[in-house]
Amino acid sequence: MTSFHDILGTDDKTGSADVKRRYKLLSSRLHPDKGGSKALMQMIVQAYEKVSAGKGHDEAVRTIQLKDPSAESNNAKLKHLEREFVALKKLNEQLNQQLKEEQEKNRSSNEESERYTNAVEDELKWLRRENRRLNSQLEEARRKVSENTRAIVPSSGSASSLGASVSMDDLAPKVQNQLKALGGFNIRRYGLVLMMPAIIAGLLFTLGKEPWLALLAMFEEPKEKPEAVVTILDTNPVDATASAALSEKQVLNVAPVKPKPKPRIKLESLSGLWQLRFFENNRMPYISVRSEKGSYVVKSCNTGFQYYRNSNLRSGRLSANLIFDRQDRHFMIYNIPYGNGSFAANWSESKSLLINKEYFPNEGFAEAYYQLQQACPY
């Protein structure tokens, strides 16, 4: 607080003569005719009058603070922007991490494919060399067979000349029989071959069932002898009764495992705004936005973005990135593993997304996504 004594530099002990002298000194220095300020001159005159009247301790300058109503709204907007900035920064870090992982996967897959291609090319080169080697061996074998054939079997012209020069009478009887067997058709041998199955079947039917079993046993592998197993019988009836009661008690104590219920979202009447909610049956957090047609897009802690299609709407052809998961009440639930609406960046970088001919705005998405990350237990 600034008093009139502070302006003149006096106090209660200062005499009137000293007060007047200080007033003249200040007024001569700050007079408007000498380049001073009118406001300061008025303040000095008022201070001299107040001090002369004994009111030097009164407040000379009063400070009044006025509250601006727009300042509070600006502070609220600032806090909201700070929260969105933190959420987007965290989302940016996650996307950068995902980008690094995908780049690493692509690099490793490229290296693996390059190694596989090199291995296939090496194997192809080896197969070509092996093919050339085998072809050369085959040509060599064919050439040798052709030479041996020409050396052993004469041609028709040479055979006629040989027959002209050598008669059948000049050959030995054994050689004549061999030539006849090679050139003719042996009816006796051919008939014996045809009758052999009938002869074998007749013998088997004549001798009975045992030859059949003996014949089949020739083609079967000998069976291994079973190992001897020693069984110890407990003849104590008391222990048997106790063990039976214990096993029955254990069977009775085993309760069937109930399947975990699927999470159920809460139905909202407000559309076009992302909000943090909790499932009805397990109290786990999730965020969702409702379209004008009654469908939802939902994101929870342990699942990606899901599209809850209102089955009361007329069904049409769905996008390829909508994978059916299950049905809940009047909703057909689809997972969005890739494409439009599968990442948080899709929602934060656009005003609204079109999914199955339904518009889902991103109003409040950054704040709701940040709240979900804070509410998730992991």
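Placement of Cβ uses the backbone N, Cα and C atoms for every residue, glycine included.
Mean predicted confidence for the coiled coil (71-151): the pLDDT average there is 87. The coiled coil annotation in TrEMBL covers 71-151.
According to TrEMBL, the domain 'J' annotation covers 3-56.
Per DSSP, the domain 'J' (3-56) is made up of 38 helix, 1 strand, 15 coil.
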